[in-house]
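Q: Pasting the feature list from TrEMBL:
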type   : residues : note
REPEAT : 60-84    : repeat 'ANK'
REPEAT : 94-126   : repeat 'ANK'
REPEAT : 162-194  : repeat 'ANK'
REPEAT : 232-264  : repeat 'ANK'
REGION : 293-321  : region 'Disordered'
REPEAT : 342-374  : repeat 'ANK'
REPEAT : 375-407  : repeat 'ANK'
DOMAIN : 528-600  : domain 'Death'
Amino acid sequence: MAESSMPKRSEDDCDMVTSLQEPFLSKAELALHEAARSGNRTRVEKLIKVTGKIDCRNSLDRTALHMAASKGHREIVRILIESGKASVEVTDKFGMSPLMWATYFGHTEVVNLLLDRSANIRRRNKLGMHVVHIAAEQNHCELVKIFINKTKKTLLNDTEKNGMTAVMIAAAKGNGEVVQSLISLGADLKIRDNRKRTVLHVAAESGNERVLDNLIADGPKMRELINERDDRGRMPIHYAVEKGFAGAVEILLAFGASPNDTTDSEEVETVANSATPIAVHPEMSPFLLAAREKKPNEDEQPAEAFADGAAPGEGGKPRPQHGEILRRLVQAGTDIDAVNSNGYTALHYAALNDDSNAVYTLVHFGCDISAKNNRMQTPLHMAAEQNRLRAAEALLLSGAPLNIADKTGKTPLVLATQGGCICIVDMIIKAERHREKVQRVLKNEPNQWDSAAQADQLDAAAAFTPDGYENRSNINESENIDDELTESFILENGTAPAYRLREFNQPYADEFKLFLWKLAFDHLRYGEWKKLALFWRFRLDHITAIEQQYSDEKSYKQHGYRVLCIWFHGIGWDTPIRGLYEALVQIDRRSLAERVRKKLDRSAEYYSAGRKIHHEGRSCTIQ
């Protein structure tokens, strides 16, 4: 039978071949590979006699011996070797020998057989790994001991292509039993890989607490490495923090890891329209790293996920616990107002991540909500500029300053207006009006639009209540202000704000929204929305901000609806009918005011909206 021939790729084509070619094998050779793979001894013995070449290769350069070894068919391996035609040293496109594949899948009997047949235990694959590395990676502790003892520990501290030893590979994979065995065999724990990382770095990155405990149990040796840096200036704690492993962070802190040391700064560039250089990878303390990391699908997680941080994440992996890490770092004495070379604090990163939970947590810890970065921007500036709705609301509810100007002289309201961030513009206006209303109440000043100002109905801007918070309707979630969204905000500390900026407080808000829409789009005339705004004490910069969005000939209808919604958001629960009536009368629309009053008084949907007259009928259309 003629030898099969197939085009061979050069050895340096790539580290790992992923593209498959059609196999250049005869039917008998294909049958031999399948019989070896499936463990069909009778068919293998028959095909050995028929096939001229036992070492025929498929598209991945694998022979029948590779197939049998990887599947753990010891008898097939023995038959192929004893035929005298199968090489135990043949390698596939990955540089993997039959011994390596048997090791990879943990087939101890096949490994022992191949070793008895003088298989090369020191051979390396294209990643520079020999069988000790492979066994450590795949968590085959028994095989690791076999190989180390057979080579008299000469392979114990060998490194692969990336400079990692077997103990480092096992630590990176979280294989605690293998790590413990290698330590007991005398593995050198001070070796560094090509990135200058020690075994403690890779263990911290894996987050496996058992591995860290095993390493730290080595005491004095590990204490010297606890704050060692890699080529990026990172210590083990930086890796654990970045990945969100709270347990690993706690172990490292207890063992003496520094909670304040920073990484190195890298890659400085200049941002367009700014003379201030920005570090792409600025130096980061553990606290900044914990705040910077984006939490996946955080608003969709169940309540228990925020309680203990251990709920499963995507793909069944442990959910990152950056909120818990922030708490533990604070307990360890970290600098909560630390800044990097860009001037960013933890709150700046929370704003960029649109992470309301982190904002509330950091404010609770006492982080400076007014801190400015190198562009003189507060966290609220960044949230407004980047249209981060959740973070902007959290910052506003936590008392973020509204009138600070950045280097270009722009306040958060101006940035949100210029960026077309309608929701944030409206939230800033609501927050500012709410704060002004609180001040008027404290000074006993009458509200022009609410004749019965009641202090007990006004929440402080950063008020919090226990987690009995009830979801309320949201009308300004998106640029399509006709959309309705409701959302549950569950904070990591188990509390939620009682006062919201993106949601109405009134229980009849859904129905009243439809009424206000009809009023704005069908009955308000051009320019009347500005008169209403002035009557309701909107400031001129508020009116200007609202007016900049939508600029066609009918945009005044949208502007009017937004003014109505912002006003409605800030009033007491029992005053909208009276307040709306007085405002319409003030702008010389008495006839419309009377029709509004009569319709709303007759509607069962607004029982608590003014006069508390409860009649049948649910229509809210103004005739």
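Cβ atoms are placed via backbone N, Cα and C, with glycine included.
What you are looking at is a predicted structure, and each value in this text was computed from that prediction instead of being measured.
Map the listed features onto the structure and describe their local environment.
A: Each residue in the repeat 'ANK' (60-84) has a pLDDT score, and their mean in this model is 94.
Outside the repeat 'ANK' (94-126), and at least 6 residues removed from its termini, the chain residues within Cβ reach (under 8 Å) are 15-17, 60, 63, 65-66, 68-74, 77-78, 81, 88, 134-135, 138, 140, 142-143, 146-147, 150-151, 155, 160.
For the repeat 'ANK' (162-194), the residues of the chain that approach it from at least six positions outside its boundaries are 127-128, 132-133, 135-137, 139-141, 144-145, 148, 153, 155-156, 200, 202-203, 205-208, 210-211, 214-215, 218, 221-222, 224-225, 230, judged by C-beta separation under 8 angstroms.
Residues 195, 198, 200-205, 207-209, 212-213, 216, 222-223, 225-226, 281, 283-290, 293, 295, 309, 318-322, 324-325, 328-329, 332-335, 338, 340 of the same chain lie 6 or more positions beyond the ends of the repeat 'ANK' (232-264) yet place their CB under 8 Å from a CB of it.
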Q: Any residues 6+ beyond the ends of the repeat 'ANK' (60-84) with a Cβ under 8 Å from its own?
A: 8, 17, 20, 32-33, 35-39, 41, 44-45, 48, 54, 90-94, 96, 98-99, 101-102, 104-105, 107, 109-110, 113-114, 117
Q: Using DSSP, what is the helix/strand/coil residue split across the repeat 'ANK' (342-374)?
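A: So the repeat 'ANK' (342-374) is made up of 17 helix, 0 strand, 16 coil.
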